[in-house]
Amino acid sequence: MIEENKHFEKKMQEYDASQIQVLEGLEAVRMRPGMYIGSTAKEGLHHLVWEIVDNSIDEALAGFASHIKVFIEADNSITVVDDGRGIPVDIQVKTGRPAVETVFTVLHAGGKFGGGSYKVSGGLHGVGSSVVNALSTQLDVRVYKNGQIHYQEFKRGAVVADLEVIGTTDVTGTTVHFTPDPEIFTETTQFDYSVLAKRIQELAFLNRGLKISITDKRSGMEQEEHFHYEGGIGSYVEFLNDKKDVIFETPIYTDGELEGIAVEVAMQYTTSYQETVMSFANNIHTHEGGTHEQGFRAALTRVINDYAKKNKILKENEDNLTGEDVREGLTAVISVKHPNPQFEGQTKTKLGNSEVVKITNRLFSEAFQRFLLENPQVARKIVEKGILASKARIAAKRAREVTRKKSGLEISNLPGKLADCSSNDANQNELFIVEGDSAGGSAKSGRNREFQAILPIRGKILNVEKATMDKILANEEIRSLFTAMGTGFGADFDVSKARYQKLVIMTDADVDGAHIRTLLLTLIYRFMRPVLEAGYVYIAQPPIYGVKVGSEIKEYIQPGIDQEDQLKTALEKYSIGRSKPTVQRYKGLGEMDDHQLWETTMDPENRLMARVTVDDAAEADKVFDMLMGDRVEPRRDFIEENAVYSTLDI
């Protein structure tokens, strides 16, 4: 024991100043890039573009830039061009170096902290440019200012040569060109055009009148898009509702400024039952909402109730409409510009400034009250839609109680047809939603009972895109799923109570199976989205073919764009001598016995599963509404445009 203590003391004494590492300049960024850009995977790679684009957007917000161009160059590098004032090139007093060099080599340097350069800013703590420089093999900047073109180049964050004048110009602006470092971005350095284009379009919506374009110069991938919306977020709402039936044609739009905080709101009601509210602060999408959404929601509910009571659409003795009632079918975009935004969490997903609640509430209330008074016919339609939603909510109340559970892992109230697992470890547990009783039987027999649960469903579940809340909660299959998951429903939904952290959709490999899968994904997207966002949702990939020699299946072929090539290769492989392989086609899960289903589709060691994610909520919302909503024309157009990719089940 004494020897052990001596050894411990020796170890403690060895921890001294010589073991403290000091990272200078941008070394810290290269050492821990995830701290600055979130990850070094695809998301972090694209974050580099946003850091540079955000600087140009800041110039636009300040009123000095009107046109931004983004290029994916032929070598997969990025160029961002703006027509702003140009980054300062004079000497920065503290560093003794040109300001533009300081911006790209010193963390936390930028025009965003003093309060004079930019009234509002979307940049992350002002570190963006230097972080991009640190994580690029090469970066160069051209500044068009004071009649001269100034140029400087960097490699992995280090200065290659001093700032120099390389020509004359009669324009102003900044051009930044960079190449991501493959030593940092080991997963991929290939930019996704669609990811960049969607965000650039969003920025054009959020900055009314701004012209912003994206051009892809890569061989075989050449394309470009130009975005410019004089209607701003009003145009954004029209875009979101493009495939929906609207209650009134022109979105309600209001903007105002109070105490230095600018607020814009655009909204429009549709005939759907779903709510789509998107909020932004300084152009940053606040996925988790925040105080601007709180102010908007409170004002919307209060103003509609006041109008309904004053105009006798709601009687004095009738209950007020709830927020849930008045938001049914609503599409809204809220955008605030704040000189000192406070975001909760490192990823800026929730606005935390408490003063924004009352400012948003007041500005929107005044404008919305005016609109209702000036448009009585539209006002009545809005109130009547809320009243219908209220009646459906009351009818659904009893059904909702069925989905509530005392505890996430309590099994006393689980649906009778659920074959549950024995483990209480949600992190390990898997719930398979299986199409049909016969396949459900095979899955129950073939599963690992310790951590795999089976919930069979009969036929096609309800299309929630077209259904009222009372019908949704009256549906037995839907109730069974919510009860089995243990997450609750609606306002009671809590993803942390999920009894399984893998929710696997397992349907037949035919058109009916694809339809059931789509119905389930629609349900999950609309009413269990946190489960989707947590990465819990998967689609099983059962084999589509089995290659048999005699009575033995030698190889299974998984579905995919190369499935026919796989099949051809397998047939050639087993066509040896006199043996003639045959092909077994699996159209239904029930065509496999329990052992085959386990081996091919459920065994974690062998199976192939596709994880379902949502990269773009606005686009996903539009697609679900188009495919599953009431309007036939957009769906028919989509089918005609994509018919070449369709699967015929004949």
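The backbone N, Cα and C atoms fix where each Cβ goes, and this holds for glycine too.
Database features (Swiss-Prot):
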BINDING   E435, D508  Mg(2+) 1 binding site
BINDING   D508, D510  Mg(2+) 2 binding site
DOMAIN    429-543  domain 'Toprim'
SITE      K460  site 'Interaction with DNA'
SITE      N463  site 'Interaction with DNA'
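Structure coloured by features recorded in Swiss-Prot.
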residue: E435; record: Mg(2+) 1 binding site; Cβ neighbours (10 Å): 26
residue: K460; record: site 'Interaction with DNA'; Cβ neighbours (10 Å): 14
residue: N463; record: site 'Interaction with DNA'; Cβ neighbours (10 Å): 17
residue: D508; record: Mg(2+) 1 binding site; Cβ neighbours (10 Å): 22
residue: D510; record: Mg(2+) 2 binding site; Cβ neighbours (10 Å): 16
Secondary structure of the domain 'Toprim' (429-543) by DSSP, residue by residue, totals 57 helix, 21 strand, 37 coil
Rounded to a whole number of Å, the separation of the Cα atoms of D510 (Mg(2+) 2 binding site) and N463 (site 'Interaction with DNA') comes to 19
For the domain 'Toprim' (429-543), the averaged pLDDT of the predicted model is 86
K460 (site 'Interaction with DNA') and E435 (Mg(2+) 1 binding site), compared by Cα position, are separated in whole Å by 9
If you measure between the CA atoms of D508 (Mg(2+) 1 binding site) and N463 (site 'Interaction with DNA') and round to the nearest Å, you get 18
Students should find that the Cα atoms of E435 (Mg(2+) 1 binding site) and N463 (site 'Interaction with DNA') sit apart, in Å rounded to an integer, by 16
